Amino acid sequence: MDYLVKAIAYDGKVRAYAANTTETIHEAQRRHNTWPTASAALGRTMTAAVMLGAMLKGEDKLTVKIEGGGPIGAIVADGNAKGDVRGYVSNPHVHFDLNEHGKLDVRRAVGTSGTLSVVKDLGLRDLFTGQVEIVSGEIGEDFTYYLVSSEQVPSSVGVGVLVNPDNTILAAGGFILQLLPGTDDETITKLETNLSQVEPISKLIQKGLTPEEVLAAVLGEEPEVLETVPVRFTCNCSKERFARGIIGLGKDEIQQMIDEDGQAEAQCHFCNETYLFTKEELEALRDEI
């Protein structure tokens with residue numbers, strides 16, 4: 001089962017998050033039929049979104065959107081404080097040969113000219129929006145830059161996805177380390193040294209390391225785990241929600257659907273679920289107006 005952990009380390013000077021998202025990203029790949037490079041880009045983004053969501057409280061939620069100008073188009077992911085995450089890419093059928101490091105060429109798929117935005121719904125009247133320029137297109141580095149620039153928290157983000165030859169997901173996961181105010185230079189140096197030597201997060205997950213063990217590896221010491229949260233692909237779409245959207249089109253538009261097609265089909269971007277509305281259902285919706 002996928003899950004994430006929230007922890008502290010170095011006598012409370014470092015806040016840390018780590019997640020195994022393998023099953024969750026496998027479900028996203030299955031629903032969207034993403035090709036390997038698109039799977040890696042979507043998986044990295046969803047993993048980051050679920051860890052950012054873990055920083056929220058209660059019913060708070062967020063939406064991440066990456067638009068880098070590459071062939072994959074936009075990558076969108078929703079996360080919340082409960083470990084729910086969902087996501088999609090504009091063009092799921094993108095794949096390139098491995099890059100010079102022998103890894104999936106996510107940068108080429110995402111592009112390097114555009115923005116990463118995070119919109120938080122904290123239950124207040126206004127939404128909180130943070131936006132930064134994309135700095136690498138590799139996604140982990142872009143989220144690091146977002147946290148440092150937009151939220152002013154010195155951070156390190158690692159996200160990774162390994163894809164099997166048959167397109168299924170072999171391993172997926174990530175970590176976020178954040179320095180709290182007053183962190184001393186010795187701790188910073190130790191973390192930097194450790195991060196430069198540790199294996200990629202996807203390799204650690206593939207080897208069977210738990211999120212707790214991943215944090216111990218990247219931190220260089222055992223973390224104090226504060227909370228464990230299950231992670232899962234969850235979509236809150238429903239036929240009722242789409243019905244409300246159809247009603248919002250107005251009587252004339254609904255009548256046109258009835259006259260031209262005798263039915264209507266609505267598809268959720270996030271989970272690819274399709275909802276069919278029969279002629280009788282459309283007439284009932286029309287008559288509600």
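Each residue's number is its place along the chain shown, starting with 1.
Every residue, even glycine, has its Cβ placed from backbone N, Cα and C.
Taken from Swiss-Prot, the feature disulfide bond applies to Cys235-Cys237, Cys268-Cys271.
Where Swiss-Prot records a feature, it is marked here on the structure.
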residue	record	Cβ neighbours (10 Å)
Cys235	disulfide bond	17
Cys237	disulfide bond	17
Cys268	disulfide bond	18
Cys271	disulfide bond	19
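Taking CA atoms as the reference points, Cys268 (disulfide bond) and Cys235 (disulfide bond) are 9 Å apart. Under the DSSP three-state reduction, Cys268 (disulfide bond) is assigned to coil, being neither helix nor strand.
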